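What Swiss-Prot records for 1-26 is signal peptide, and it gives sequence analysis as the kind of evidence. Positions annotated as N-linked glycosylation site by Swiss-Prot, on the basis of sequence analysis: N28, N120, N279, N331, N360. Per Swiss-Prot, the feature beta-D-glucoside binding site maps to Q52, H153, N198, E199, Y342, E415, W465, E472, W473, F481; the stated evidence is similarity to another entry. Annotation comment: Swiss-Prot describes E199 as active site, proton donor, evidence class similarity to another entry. If you look up Swiss-Prot, you'll see C218-C226 marked as disulfide bond. Residues or ranges marked as active site, nucleophile by Swiss-Prot: E415.
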Amino acid sequence: MGNGGRCMVEVVILLVLMAMSQGCDAQNTTGGLTRKSFPNGFVFGTASSAYQYEGAVKEDGRGPTIWDKFAHTFGKIIDFSNADVAVDQYHRFEEDIQLMADMGMDAYRFSISWSRIFPNGTGEVNQAGIDHYNKLINALLAKGIEPYVTLYHWDLPQALEDKYTGWLDRQIINDYAVYAETCFQAFGDRVKHWITFNEPHTVAVQAYDSGMHAPGRCSVLLHLYCKKGNSGTEPYIVAHNMILSHATVSDIYRKKYKASQNGELGISFDVIWYEPMSNSTADIEAAKRAQEFQLGWFADPFFFGDYPATMRSRVGSRLPKFTEKEAALVNGSLDFMGINHYTTFYTKDDQSTVIEKLLNNTLADTATISVPFRNGQPIGDRANSIWLYIVPRSMRILMNYVKDRYNKPTVYITENGMDDGNSPFISLKNALKDDKRTKYHNDYLTNLADSIREDGCDVRGYFAWSLLDNWEWAAGYTSRFGLYYVDYKNRKRYPKNSVQWFKNLLASSS
(Lines of atoms letter the chains of each structure in order from A; the text may use other names.)
(Lines give C-alpha, C1' and ligand atoms only; values in the text may rest on other atoms or scores of the structure.)
Protein backbone atom coordinates (compact mmCIF):
# COMPACT_ATOMS: atom_id res chain seq x y z
CA MET A 1 0.00 0.00 0.00
CA GLY A 2 1.11 3.41 -0.18
CA ASN A 3 2.36 3.76 3.31
CA GLY A 4 3.56 0.39 4.67
CA GLY A 5 4.84 1.32 8.11
CA ARG A 6 4.28 5.05 8.00
CA CYS A 7 4.44 5.37 11.76
CA MET A 8 7.65 3.45 12.20
CA VAL A 9 9.45 6.53 13.48
CA GLU A 10 7.54 5.77 16.67
CA VAL A 11 8.03 2.02 16.41
CA VAL A 12 9.41 1.63 19.91
CA ILE A 13 6.31 3.17 21.43
CA LEU A 14 4.01 1.09 19.25
CA LEU A 15 5.74 -2.20 20.01
CA VAL A 16 5.35 -1.59 23.70
CA LEU A 17 1.65 -0.89 23.24
CA MET A 18 0.98 -3.58 20.66
CA ALA A 19 0.38 -6.34 23.19
CA MET A 20 -2.52 -4.36 24.61
CA SER A 21 -4.44 -4.26 21.34
CA GLN A 22 -7.79 -5.97 21.09
CA GLY A 23 -9.71 -7.31 18.12
CA CYS A 24 -13.29 -8.29 17.39
CA ASP A 25 -15.05 -9.87 14.45
CA ALA A 26 -16.99 -7.58 12.19
CA GLN A 27 -20.15 -8.51 10.39
CA ASN A 28 -20.62 -8.11 6.67
CA THR A 29 -23.19 -5.32 6.54
CA THR A 30 -23.93 -2.76 3.88
CA GLY A 31 -26.07 -0.45 5.97
CA GLY A 32 -28.04 0.72 2.96
CA LEU A 33 -25.03 2.14 1.14
CA THR A 34 -25.50 2.24 -2.66
CA ARG A 35 -24.07 4.04 -5.68
CA LYS A 36 -26.88 6.56 -5.23
CA SER A 37 -25.32 7.50 -1.89
CA PHE A 38 -22.72 9.33 -4.01
CA PRO A 39 -23.04 12.00 -6.70
CA ASN A 40 -23.48 11.11 -10.36
CA GLY A 41 -20.10 10.45 -11.92
CA PHE A 42 -18.47 9.47 -8.63
CA VAL A 43 -15.64 7.06 -9.46
CA PHE A 44 -15.00 3.73 -7.75
CA GLY A 45 -11.74 1.91 -8.32
CA THR A 46 -8.86 -0.02 -6.82
CA ALA A 47 -5.26 1.10 -6.44
CA SER A 48 -1.84 -0.48 -6.90
CA SER A 49 1.79 0.37 -7.58
CA ALA A 50 4.28 -0.96 -10.11
CA TYR A 51 6.86 -2.24 -7.65
CA GLN A 52 4.32 -3.99 -5.45
CA TYR A 53 2.48 -5.63 -8.33
CA GLU A 54 4.45 -6.05 -11.54
CA GLY A 55 7.38 -8.34 -10.85
CA ALA A 56 9.39 -8.99 -14.05
CA VAL A 57 12.16 -6.83 -12.64
CA LYS A 58 14.72 -7.89 -15.24
CA GLU A 59 12.46 -8.18 -18.27
CA ASP A 60 12.10 -5.99 -21.36
CA GLY A 61 14.92 -3.62 -20.51
CA ARG A 62 13.77 -2.47 -17.08
CA GLY A 63 16.56 -0.93 -15.04
CA PRO A 64 17.11 -1.56 -11.30
CA THR A 65 15.47 0.70 -8.72
CA ILE A 66 16.37 1.74 -5.19
CA TRP A 67 13.78 -0.74 -3.92
CA ASP A 68 15.43 -3.62 -5.79
CA LYS A 69 18.66 -2.88 -3.96
CA PHE A 70 16.95 -2.24 -0.62
CA ALA A 71 14.81 -5.39 -0.72
CA HIS A 72 17.85 -7.52 -1.48
CA THR A 73 19.75 -6.07 1.49
CA PHE A 74 19.71 -8.40 4.48
CA GLY A 75 17.48 -7.32 7.35
CA LYS A 76 15.50 -4.62 5.53
CA ILE A 77 12.36 -6.67 4.83
CA ILE A 78 10.65 -8.38 7.75
CA ASP A 79 10.15 -11.75 6.01
CA PHE A 80 13.37 -11.53 3.95
CA SER A 81 11.32 -11.47 0.74
CA ASN A 82 11.58 -9.28 -2.35
CA ALA A 83 9.33 -8.14 -5.19
CA ASP A 84 11.17 -9.82 -8.05
CA VAL A 85 7.90 -11.58 -8.91
CA ALA A 86 5.44 -9.76 -6.62
CA VAL A 87 1.96 -10.70 -7.92
CA ASP A 88 3.20 -10.92 -11.52
CA GLN A 89 0.80 -8.32 -12.92
CA TYR A 90 3.29 -7.55 -15.68
CA HIS A 91 2.22 -10.84 -17.27
CA ARG A 92 -1.29 -11.11 -15.81
CA PHE A 93 -2.71 -7.61 -16.33
CA GLU A 94 -5.46 -8.78 -18.70
CA GLU A 95 -6.67 -11.29 -16.10
CA ASP A 96 -6.64 -8.61 -13.41
CA ILE A 97 -8.51 -6.12 -15.59
CA GLN A 98 -11.23 -8.72 -16.04
CA LEU A 99 -11.45 -9.03 -12.25
CA MET A 100 -12.01 -5.26 -12.02
CA ALA A 101 -14.63 -5.37 -14.75
CA ASP A 102 -16.43 -8.25 -13.06
CA MET A 103 -16.72 -6.16 -9.90
CA GLY A 104 -18.09 -3.19 -11.83
CA MET A 105 -15.16 -0.90 -11.05
CA ASP A 106 -14.96 2.40 -12.95
CA ALA A 107 -11.24 3.07 -12.67
CA TYR A 108 -7.84 1.63 -11.88
CA ARG A 109 -5.03 3.53 -10.24
CA PHE A 110 -1.60 2.13 -11.13
CA SER A 111 1.91 3.52 -11.32
CA ILE A 112 4.44 3.60 -14.11
CA SER A 113 7.89 2.26 -13.33
CA TRP A 114 10.33 5.08 -14.17
CA SER A 115 13.08 2.55 -14.86
CA ARG A 116 10.94 0.76 -17.46
CA ILE A 117 10.76 4.02 -19.43
CA PHE A 118 14.31 5.18 -18.69
CA PRO A 119 16.38 2.22 -17.41
CA ASN A 120 19.13 4.63 -16.33
CA GLY A 121 16.75 7.34 -15.16
CA THR A 122 17.70 9.55 -18.10
CA GLY A 123 18.98 9.13 -21.63
CA GLU A 124 17.45 6.78 -24.16
CA VAL A 125 13.80 5.78 -23.88
CA ASN A 126 13.10 2.05 -23.54
CA GLN A 127 10.42 1.38 -26.15
CA ALA A 128 9.49 -1.94 -24.55
CA GLY A 129 8.41 -0.03 -21.45
CA ILE A 130 6.28 2.36 -23.49
CA ASP A 131 4.74 -0.61 -25.30
CA HIS A 132 3.83 -2.38 -22.06
CA TYR A 133 1.97 0.57 -20.57
CA ASN A 134 0.22 1.24 -23.88
CA LYS A 135 -1.08 -2.33 -23.76
CA LEU A 136 -2.20 -1.90 -20.14
CA ILE A 137 -3.95 1.42 -20.79
CA ASN A 138 -5.67 0.17 -23.93
CA ALA A 139 -6.81 -3.01 -22.19
CA LEU A 140 -8.33 -0.96 -19.36
CA LEU A 141 -10.18 1.35 -21.72
CA ALA A 142 -11.45 -1.61 -23.74
CA LYS A 143 -13.23 -2.78 -20.58
CA GLY A 144 -14.57 0.69 -19.77
CA ILE A 145 -12.09 1.25 -16.94
CA GLU A 146 -10.49 4.69 -16.65
CA PRO A 147 -6.73 4.80 -15.93
CA TYR A 148 -5.52 6.99 -13.06
CA VAL A 149 -1.76 6.99 -13.43
CA THR A 150 0.85 7.65 -10.74
CA LEU A 151 4.20 8.79 -12.13
CA TYR A 152 6.25 8.18 -8.99
CA HIS A 153 5.39 5.51 -6.42
CA TRP A 154 8.78 5.27 -4.69
CA ASP A 155 10.75 3.20 -7.24
CA LEU A 156 13.49 5.65 -8.21
CA PRO A 157 15.95 4.32 -10.81
CA GLN A 158 19.04 3.17 -8.91
CA ALA A 159 21.22 4.89 -11.50
CA LEU A 160 20.06 8.32 -10.29
CA GLU A 161 20.68 7.40 -6.65
CA ASP A 162 24.20 6.32 -7.57
CA LYS A 163 24.82 9.34 -9.78
CA TYR A 164 23.78 12.18 -7.47
CA THR A 165 21.87 10.76 -4.43
CA GLY A 166 18.49 11.03 -6.12
CA TRP A 167 15.95 13.26 -4.40
CA LEU A 168 18.63 15.02 -2.37
CA ASP A 169 19.97 16.79 -5.47
CA ARG A 170 18.11 19.42 -7.48
CA GLN A 171 19.15 17.71 -10.71
CA ILE A 172 16.31 15.30 -9.95
CA ILE A 173 13.81 18.06 -10.81
CA ASN A 174 15.01 18.19 -14.41
CA ASP A 175 15.28 14.43 -14.82
CA TYR A 176 11.84 13.85 -13.34
CA ALA A 177 10.39 16.48 -15.67
CA VAL A 178 11.85 14.73 -18.72
CA TYR A 179 10.41 11.41 -17.53
CA ALA A 180 6.99 12.93 -16.84
CA GLU A 181 6.84 14.71 -20.19
CA THR A 182 7.77 11.49 -21.96
CA CYS A 183 4.74 9.88 -20.29
CA PHE A 184 2.48 12.77 -21.30
CA GLN A 185 3.62 12.38 -24.89
CA ALA A 186 3.20 8.60 -24.94
CA PHE A 187 0.01 8.15 -22.91
CA GLY A 188 -1.65 11.54 -22.46
CA ASP A 189 -4.07 11.11 -25.34
CA ARG A 190 -5.80 8.44 -23.21
CA VAL A 191 -4.75 9.21 -19.62
CA LYS A 192 -6.68 12.15 -18.18
CA HIS A 193 -5.81 11.77 -14.49
CA TRP A 194 -2.18 11.99 -13.40
CA ILE A 195 -0.76 11.68 -9.89
CA THR A 196 2.77 13.04 -9.86
CA PHE A 197 3.74 11.60 -6.47
CA ASN A 198 2.40 8.99 -4.11
CA GLU A 199 2.81 9.95 -0.46
CA PRO A 200 5.79 12.30 -0.62
CA HIS A 201 5.54 12.61 3.17
CA THR A 202 6.12 8.87 3.55
CA VAL A 203 9.14 9.09 1.25
CA ALA A 204 10.66 11.95 3.22
CA VAL A 205 10.08 10.39 6.64
CA GLN A 206 10.43 6.66 6.05
CA ALA A 207 13.30 6.81 3.56
CA TYR A 208 15.32 9.75 4.91
CA ASP A 209 14.34 10.04 8.59
CA SER A 210 13.72 6.55 10.00
CA GLY A 211 15.59 4.84 7.15
CA MET A 212 13.06 2.03 6.95
CA HIS A 213 12.31 2.58 3.27
CA ALA A 214 14.64 2.79 0.29
CA PRO A 215 17.22 4.20 -0.04
CA GLY A 216 17.46 3.78 3.74
CA ARG A 217 19.13 6.98 4.92
CA CYS A 218 18.93 8.27 8.50
CA SER A 219 20.94 9.43 11.49
CA VAL A 220 18.59 8.48 14.34
CA LEU A 221 20.08 6.61 17.29
CA LEU A 222 23.59 7.67 16.30
CA HIS A 223 23.45 5.97 12.88
CA LEU A 224 22.69 2.63 14.51
CA TYR A 225 20.30 1.66 11.71
CA CYS A 226 21.71 3.60 8.73
CA LYS A 227 25.28 4.20 7.63
CA LYS A 228 24.48 7.44 5.82
CA GLY A 229 22.02 10.28 6.18
CA ASN A 230 20.90 13.19 8.32
CA SER A 231 17.42 12.82 9.78
CA GLY A 232 17.31 16.47 10.78
CA THR A 233 17.89 17.92 7.30
CA GLU A 234 17.46 15.40 4.50
CA PRO A 235 13.69 14.83 4.85
CA TYR A 236 13.12 18.56 4.32
CA ILE A 237 15.42 18.70 1.29
CA VAL A 238 13.73 15.69 -0.32
CA ALA A 239 10.28 17.16 0.33
CA HIS A 240 11.31 20.49 -1.18
CA ASN A 241 12.62 18.87 -4.34
CA MET A 242 9.47 16.79 -4.75
CA ILE A 243 7.25 19.84 -4.38
CA LEU A 244 9.31 21.75 -6.95
CA SER A 245 9.25 18.71 -9.24
CA HIS A 246 5.46 18.62 -9.21
CA ALA A 247 5.23 22.35 -9.85
CA THR A 248 7.69 22.12 -12.74
CA VAL A 249 5.82 19.24 -14.35
CA SER A 250 2.45 20.93 -13.82
CA ASP A 251 3.76 24.03 -15.58
CA ILE A 252 4.98 21.93 -18.52
CA TYR A 253 1.66 20.12 -18.77
CA ARG A 254 -0.44 23.27 -18.67
CA LYS A 255 1.68 25.06 -21.27
CA LYS A 256 2.16 22.19 -23.72
CA TYR A 257 -0.45 19.45 -23.19
CA LYS A 258 -3.49 20.68 -21.27
CA ALA A 259 -5.23 22.22 -24.28
CA SER A 260 -5.05 19.08 -26.39
CA GLN A 261 -5.18 16.36 -23.73
CA ASN A 262 -7.49 18.02 -21.17
CA GLY A 263 -6.09 16.12 -18.20
CA GLU A 264 -5.54 16.97 -14.54
CA LEU A 265 -2.55 16.61 -12.21
CA GLY A 266 -2.59 15.96 -8.49
CA ILE A 267 -0.63 14.38 -5.64
CA SER A 268 -1.66 11.55 -3.31
CA PHE A 269 -1.01 12.74 0.25
CA ASP A 270 -0.84 10.27 3.13
CA VAL A 271 -2.96 11.51 6.01
CA ILE A 272 -3.36 9.98 9.43
CA TRP A 273 -6.00 11.87 11.40
CA TYR A 274 -4.76 13.07 14.79
CA GLU A 275 -7.08 13.48 17.77
CA PRO A 276 -5.91 15.29 20.92
CA MET A 277 -5.02 12.92 23.74
CA SER A 278 -6.91 15.19 26.14
CA ASN A 279 -8.91 18.41 26.17
CA SER A 280 -5.89 20.37 27.33
CA THR A 281 -4.80 23.32 25.23
CA ALA A 282 -1.36 21.76 24.88
CA ASP A 283 -2.71 18.52 23.40
CA ILE A 284 -5.16 20.31 21.12
CA GLU A 285 -2.30 22.39 19.77
CA ALA A 286 -0.16 19.26 19.48
CA ALA A 287 -2.76 17.57 17.26
CA LYS A 288 -2.87 20.64 15.03
CA ARG A 289 0.91 20.71 14.91
CA ALA A 290 1.15 17.03 14.02
CA GLN A 291 -1.22 17.59 11.09
CA GLU A 292 0.73 20.61 9.88
CA PHE A 293 3.93 18.56 9.93
CA GLN A 294 2.15 15.89 7.88
CA LEU A 295 -0.44 17.19 5.39
CA GLY A 296 0.41 20.87 5.83
CA TRP A 297 4.08 20.27 5.08
CA PHE A 298 3.24 19.05 1.57
CA ALA A 299 -0.12 20.65 0.77
CA ASP A 300 0.26 24.19 2.13
CA PRO A 301 2.84 25.27 -0.48
CA PHE A 302 0.38 24.45 -3.28
CA PHE A 303 -2.38 26.56 -1.74
CA PHE A 304 -0.51 29.30 0.15
CA GLY A 305 2.93 29.39 -1.47
CA ASP A 306 4.89 28.34 1.63
CA TYR A 307 5.19 25.82 4.43
CA PRO A 308 3.10 26.20 7.61
CA ALA A 309 4.31 28.94 9.93
CA THR A 310 4.64 26.33 12.68
CA MET A 311 7.23 24.50 10.62
CA ARG A 312 9.08 27.68 9.78
CA SER A 313 9.40 28.54 13.47
CA ARG A 314 10.29 25.07 14.73
CA VAL A 315 12.57 23.81 11.95
CA GLY A 316 14.25 27.14 11.28
CA SER A 317 17.13 27.25 8.83
CA ARG A 318 16.90 23.50 8.17
CA LEU A 319 13.64 24.08 6.27
CA PRO A 320 14.42 25.17 2.69
CA LYS A 321 12.95 28.41 1.39
CA PHE A 322 11.12 29.02 -1.86
CA THR A 323 12.32 31.90 -3.97
CA GLU A 324 9.64 34.33 -5.07
CA LYS A 325 9.65 32.72 -8.52
CA GLU A 326 9.44 29.19 -7.07
CA ALA A 327 6.58 30.12 -4.75
CA ALA A 328 4.64 31.49 -7.71
CA LEU A 329 5.32 28.29 -9.66
CA VAL A 330 4.20 26.05 -6.79
CA ASN A 331 1.15 28.00 -5.64
CA GLY A 332 -1.90 26.85 -7.59
CA SER A 333 -0.14 24.05 -9.46
CA LEU A 334 -2.35 21.32 -7.99
CA ASP A 335 -5.55 20.41 -9.87
CA PHE A 336 -6.78 17.98 -7.23
CA MET A 337 -5.79 16.44 -3.91
CA GLY A 338 -5.44 12.70 -3.61
CA ILE A 339 -5.90 11.54 -0.02
CA ASN A 340 -4.58 8.19 1.23
CA HIS A 341 -6.29 7.67 4.57
CA TYR A 342 -6.22 4.52 6.67
CA THR A 343 -6.13 5.27 10.38
CA THR A 344 -6.26 7.66 13.35
CA PHE A 345 -3.99 8.25 16.35
CA TYR A 346 -4.16 10.16 19.60
CA THR A 347 -1.58 12.91 19.92
CA LYS A 348 -0.11 14.58 22.97
CA ASP A 349 2.25 17.45 23.48
CA ASP A 350 5.84 16.50 24.25
CA GLN A 351 8.19 19.32 25.12
CA SER A 352 10.79 17.04 26.69
CA THR A 353 14.24 16.73 25.14
CA VAL A 354 14.45 12.92 25.26
CA ILE A 355 13.18 12.29 21.72
CA GLU A 356 15.15 15.25 20.42
CA LYS A 357 18.39 13.83 21.82
CA LEU A 358 17.67 10.26 20.70
CA LEU A 359 16.32 11.02 17.25
CA ASN A 360 16.99 14.66 16.29
CA ASN A 361 14.55 14.25 13.42
CA THR A 362 11.18 15.38 12.07
CA LEU A 363 9.33 13.73 14.96
CA ALA A 364 11.42 15.68 17.44
CA ASP A 365 10.65 18.84 15.48
CA THR A 366 6.91 18.36 16.00
CA ALA A 367 7.27 18.06 19.79
CA THR A 368 4.43 15.53 19.79
CA ILE A 369 3.90 11.86 20.54
CA SER A 370 1.19 9.96 18.65
CA VAL A 371 -0.11 6.59 19.83
CA PRO A 372 -3.29 4.52 19.25
CA PHE A 373 -4.18 4.20 22.95
CA ARG A 374 -5.66 6.41 25.64
CA ASN A 375 -6.03 5.26 29.23
CA GLY A 376 -5.15 1.75 28.12
CA GLN A 377 -7.94 1.61 25.53
CA PRO A 378 -7.32 1.43 21.77
CA ILE A 379 -8.73 4.19 19.59
CA GLY A 380 -10.44 1.53 17.49
CA ASP A 381 -10.33 -2.10 16.44
CA ARG A 382 -6.93 -3.04 15.02
CA ALA A 383 -6.23 -4.56 11.63
CA ASN A 384 -3.11 -6.69 11.13
CA SER A 385 -0.58 -3.87 10.88
CA ILE A 386 0.53 -2.40 14.19
CA TRP A 387 -0.22 1.11 12.93
CA LEU A 388 -3.68 0.49 11.42
CA TYR A 389 -6.58 1.13 13.79
CA ILE A 390 -10.09 1.38 12.40
CA VAL A 391 -11.75 4.74 13.12
CA PRO A 392 -14.31 5.40 10.35
CA ARG A 393 -15.57 8.72 11.75
CA SER A 394 -12.22 10.26 10.93
CA MET A 395 -12.90 10.06 7.20
CA ARG A 396 -15.67 12.64 7.52
CA ILE A 397 -13.68 14.78 9.94
CA LEU A 398 -10.66 14.74 7.64
CA MET A 399 -12.70 15.67 4.56
CA ASN A 400 -14.10 18.67 6.40
CA TYR A 401 -10.62 19.66 7.58
CA VAL A 402 -9.39 19.59 3.98
CA LYS A 403 -12.44 21.53 2.79
CA ASP A 404 -12.02 24.25 5.40
CA ARG A 405 -8.23 24.60 5.30
CA TYR A 406 -7.85 24.53 1.52
CA ASN A 407 -11.10 26.19 0.41
CA LYS A 408 -13.02 23.17 -0.86
CA PRO A 409 -10.54 21.57 -3.26
CA THR A 410 -11.36 18.68 -5.56
CA VAL A 411 -10.48 15.47 -3.71
CA TYR A 412 -10.10 11.81 -4.63
CA ILE A 413 -9.62 9.17 -1.95
CA THR A 414 -6.72 7.48 -3.70
CA GLU A 415 -6.16 4.81 -1.03
CA ASN A 416 -8.24 3.37 1.80
CA GLY A 417 -8.24 -0.15 3.15
CA MET A 418 -7.14 -2.58 5.84
CA ASP A 419 -5.02 -5.70 6.04
CA ASP A 420 -5.17 -9.22 7.38
CA GLY A 421 -2.13 -11.19 8.39
CA ASN A 422 -0.53 -13.77 6.13
CA SER A 423 -0.52 -16.85 8.32
CA PRO A 424 0.29 -20.40 7.19
CA PHE A 425 -2.12 -21.62 9.86
CA ILE A 426 -5.18 -19.99 8.25
CA SER A 427 -6.92 -22.08 5.60
CA LEU A 428 -7.76 -20.58 2.23
CA LYS A 429 -11.45 -20.97 3.03
CA ASN A 430 -11.10 -18.88 6.18
CA ALA A 431 -8.77 -16.36 4.56
CA LEU A 432 -11.52 -15.51 2.07
CA LYS A 433 -13.94 -14.64 4.89
CA ASP A 434 -12.92 -11.01 5.24
CA ASP A 435 -16.09 -9.57 6.77
CA LYS A 436 -13.96 -7.21 8.81
CA ARG A 437 -12.74 -5.68 5.54
CA THR A 438 -16.23 -5.25 4.12
CA LYS A 439 -17.29 -3.49 7.31
CA TYR A 440 -14.20 -1.28 7.10
CA HIS A 441 -15.04 -0.16 3.57
CA ASN A 442 -18.74 0.19 4.35
CA ASP A 443 -18.13 2.37 7.38
CA TYR A 444 -15.46 4.57 5.81
CA LEU A 445 -17.54 4.98 2.65
CA THR A 446 -20.62 5.85 4.71
CA ASN A 447 -18.71 8.65 6.43
CA LEU A 448 -17.32 9.76 3.08
CA ALA A 449 -20.82 9.90 1.58
CA ASP A 450 -22.01 11.98 4.54
CA SER A 451 -19.14 14.44 4.07
CA ILE A 452 -20.21 14.96 0.45
CA ARG A 453 -23.97 14.99 0.83
CA GLU A 454 -24.35 16.75 4.17
CA ASP A 455 -21.16 18.81 4.48
CA GLY A 456 -20.53 19.86 0.89
CA CYS A 457 -17.07 18.34 0.50
CA ASP A 458 -16.01 18.01 -3.15
CA VAL A 459 -14.92 14.36 -3.26
CA ARG A 460 -15.11 12.71 -6.68
CA GLY A 461 -13.73 9.21 -6.30
CA TYR A 462 -12.68 6.36 -4.02
CA PHE A 463 -9.93 3.81 -4.64
CA ALA A 464 -9.73 0.77 -2.39
CA TRP A 465 -6.28 -0.46 -1.43
CA SER A 466 -6.00 -2.90 -2.94
CA LEU A 467 -7.26 -5.08 -5.79
CA LEU A 468 -4.88 -7.90 -4.85
CA ASP A 469 -2.81 -9.00 -1.90
CA ASN A 470 0.69 -7.84 -2.76
CA TRP A 471 4.22 -7.14 -1.60
CA GLU A 472 3.91 -4.53 1.15
CA TRP A 473 7.29 -2.81 1.21
CA ALA A 474 9.19 -3.44 4.48
CA ALA A 475 6.39 -5.79 5.58
CA GLY A 476 7.02 -8.02 2.57
CA TYR A 477 4.30 -10.64 2.09
CA THR A 478 3.22 -10.65 5.76
CA SER A 479 0.34 -8.24 5.17
CA ARG A 480 -2.71 -8.89 2.95
CA PHE A 481 -4.66 -5.79 1.84
CA GLY A 482 -6.33 -7.29 -1.23
CA LEU A 483 -9.95 -7.77 -2.18
CA TYR A 484 -8.54 -10.81 -3.95
CA TYR A 485 -6.42 -13.35 -2.11
CA VAL A 486 -3.18 -14.27 -3.90
CA ASP A 487 -1.59 -17.68 -3.41
CA TYR A 488 2.09 -16.74 -3.46
CA LYS A 489 3.12 -20.24 -4.50
CA ASN A 490 1.44 -19.94 -7.91
CA ARG A 491 0.06 -16.34 -7.95
CA LYS A 492 -3.49 -17.58 -8.43
CA ARG A 493 -6.20 -15.05 -7.45
CA TYR A 494 -9.20 -15.98 -5.29
CA PRO A 495 -12.10 -13.59 -4.52
CA LYS A 496 -12.59 -12.74 -0.86
CA ASN A 497 -16.05 -11.96 0.48
CA SER A 498 -15.31 -8.26 0.01
CA VAL A 499 -15.36 -8.77 -3.77
CA GLN A 500 -19.03 -9.72 -3.65
CA TRP A 501 -19.71 -6.81 -1.31
CA PHE A 502 -18.25 -4.37 -3.82
CA LYS A 503 -20.14 -6.07 -6.66
CA ASN A 504 -23.39 -5.54 -4.76
CA LEU A 505 -22.53 -1.93 -3.99
CA LEU A 506 -21.54 -1.04 -7.53
CA ALA A 507 -24.53 -2.80 -9.08
CA SER A 508 -26.98 -1.05 -6.74
CA SER A 509 -28.98 1.91 -7.99
CA SER A 510 -31.34 2.79 -5.19
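Here the Cβ of each residue, glycine as well, is placed from N, Cα and C on the backbone.
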Count the Cβ atoms, other than its own, that fall within 10 Å of the Cβ of N198 (beta-D-glucoside binding site), considering every protein chain shown.
27
Going by a 10 angstroms cut-off between Cβ atoms, which of the recorded positions Q52, N120, N279, N331, N360 has the sparsest surroundings?
N279
Among C218, C226, the one of these disulfide-bonded residues whose Cβ has the fewest neighbouring Cβ atoms within 10 Å:
C226
Where the distance is taken from Cα to Cα, which of the recorded positions C226, N279, E415, W465, W473 turns out closest to E199 (active site, proton donor)?
E415
Could you state the CA-to-CA distance between Y342 (beta-D-glucoside binding site) and N120 (N-linked glycosylation site) to the nearest Å?
34
Cβ atoms near W473 (beta-D-glucoside binding site) (within 10 Å, other residues, all chains):
29
Binding-site residues compared (Y342, W465) - highest count of Cβ atoms within 10 Å:
Y342
Of the recorded positions listed as Q52, N198, E415, W465, the one whose CA lies nearest the CA of N360 (N-linked glycosylation site):
N198
Of the recorded positions N120, N198, C218, N331, which one sits closest to the residue listed as 'active site, nucleophile' when you measure Cα to Cα?
N198
Largest separation between Cα atoms (Å) of residues that the record links to beta-D-glucoside, namely Q52, H153, N198, E199, Y342, E415, W465, E472, W473, F481:
18
Could you round the CA separation between N198 (beta-D-glucoside binding site) and C218 (disulfide bond) to a whole angstrom and send it over?
21
What whole-number Å value do you get for the CA-CA distance of W473 (beta-D-glucoside binding site) and N120 (N-linked glycosylation site)?
22
When you measure from the Cβ of E199 (active site, proton donor), how many other Cβ atoms are you left with inside 10 Å?
28
